[in-house]
Amino acid sequence: MESRVLSSGATTISGLPRLTKPTARIINTFAVSSPASLNANGGNLVCGRQLRPTLLNLDYSSPVPLAAKAAKRDVLKPCAATASDSAGDAAPVGILAKYPFLITGFFFFMWYFLNVIFNILNKKIYNYFPYPYFVSVIHLAVGVVYCLGSWTVGLPKRAPIDSNLLKLLIPVAFCHALGHVTSNVSFAAVAVSFTHTIKALEPFFNAAASQFVLGQSIPITLWLSLAPVVLGVSVASLTELSFNWLGFISAMISNISFTYRSIYSKKAMTDMDSTNLYAYISIIALVFCIPPAIILEGPQLLKYGFNDAIAKVGMTKFVTDLFWVGMFYHLYNQLATNTLERVAPLTHAVGNVLKRVFVIGFSIIVFGNKISTQTAIGTSIAIAGVAIYSVIKAKIEEEKRNLKSA
């Protein structure tokens, strides 16, 4: 940084030496009562970030005029660095640091984008390869390989796990595996929009489990907000053109499984970061998913499943579709967790509802699914109910945290 040196050899007023004002910067005049108190070299003053009072070697035992005291305080303050001093002195503030909402907005966008792409690609695979148990294994397997690769390069560093934590994570992973497989069975059996409409009932199962399993008191306002959810799903189910019992029951089992996953997750609270925790859950869930895939779909896959898929779309597209659907599945789940860490629970809850609206809307457009007026009305009512429930629940949770911190 360029240093500006002011010499005491400047002109004096009433016999007192003073510091002259440089042309590029205004510095308050500092008057001392005794010229002898300055250094022999002239009492040079360096104006910059490293300014220290000892550079002046002032003798505070001598009387100092009142007018000089205020000036003394100003002179001894470090001068603020200017853009002309040096480009390397102060790192420029980037646009992302200046506007953090851009990063949060990017997280939301990528969360929605990856979720929509996953649902569309997943359904396209089922149109020519209807084996949801095997595809569920691929989803988790690709994510596990991704996690292992990330650990290998240290992004992130693998967190250690002991037998006690493993025992706590096994029930969580089992419910995660069951919910994931049954969701895919439903996706393969009915329209994507209908599966997501049924899965809008998940808050109802969460509230029921909290009330009757965990013994927690659920406010009446939460129960009332769930009424339109149940009503909307019922209306949509009665008039859904792609309705079948396999898809409906599978989606309901998925809701129950993810509800119990939440319950066991609370019992397995740990200080481990979410990225490592999700990686361990994915590995354990993969172990649970492999046996049913081999037992229920293995013989069919070996006999004609793989050959039919390759004959329809070719080996390259078949393999790349499976790879990318697994990557999208893992990344959108990881981004959902990262987004939750950046925003308040209320914002995340509303964002989750909007995500479901995006998925339903885009799936109808892409696949050209025909829906009746009653189905559209029922879906809208259910989504609105979920939005109301999410807002009320997030506010209740926020009030609880405020009371604990008070």
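FYI, residue positions are counted from 1 along the chain as it appears here.
Positions of Cβ are set from backbone N, Cα and C atoms, glycine also.
TrEMBL does not curate its annotations; it predicts them automatically.
Sequence annotations record features per position, and here TrEMBL assigns domain 'Sugar phosphate transporter' to 104-390.
The list of residues near the transmembrane segment (99-121) in space but at least 6 beyond its ends in sequence, with Cβ under 8 angstroms from a Cβ of it, reads 187, 192, 196, 321, 324-325, 328-329, 331-332, 335-336, 338-339, 342-343, 351, 354-355, 358-359, 362-363, 366-367. Among the features that TrEMBL reports, transmembrane segment is placed at 99-121 (among others).
Look at TrEMBL and you will find 133-153 (among others) tagged as transmembrane segment.
Distant neighbours of the transmembrane segment (168-192): 119-120, 122-123, 126, 130-133, 135-136, 139-140, 161, 198-199, 240-244, 246-248, 250-251, 253-255, 257-258, 260-261, 264-265, 267-268, 270, 277, 280-289, 292, 359-360, 363, 367, 369; these residues of the same chain sit at least 6 beyond its ends, with a Cβ under 8 Å from one of its Cβ atoms. The transmembrane segment annotation in TrEMBL covers 168-192 (among others).
Feature annotation from TrEMBL assigns transmembrane segment to 204-225 (among others).
Annotated transmembrane segment per TrEMBL: 245-264 (among others), in sequence order. Below 8 angstroms of C-beta separation, residues 168, 171-172, 175-176, 178-180, 182-183, 185-186, 189-190, 194-195, 198-199, 201-202, 204-206, 208-209, 213-214, 237 of the same chain, each at least six residues beyond the ends of the transmembrane segment (245-264), sit close to that stretch.
Marked as transmembrane segment by TrEMBL: 276-295 (among others). Sequence-distant contacts of the transmembrane segment (276-295), counting only residues of its own chain at least 6 positions beyond either end whose CB sits under 8 Å from a CB of the stretch, comprise 133-134, 136-137, 140-141, 143-144, 147, 150-151, 156, 158-159, 161, 169-170, 172-174, 176-178, 180-181, 270, 330, 333-334, 337.
Residues annotated as transmembrane segment in TrEMBL: 315-332 (among others). Within its own chain, the transmembrane segment (315-332) is flanked in space by residues 111, 114-115, 117-118, 121-122, 124-125, 129, 135, 138-143, 146-147, 282, 309, which lie at least six positions past its ends and keep a Cβ under 8 Å from the stretch.
Sequence annotations record features per position, and here TrEMBL assigns transmembrane segment to 353-369 (among others).
Residues or ranges marked as transmembrane segment in TrEMBL: 375-392 (among others).
A mean pLDDT of 87 is what the model gives for the domain 'Sugar phosphate transporter' (104-390).
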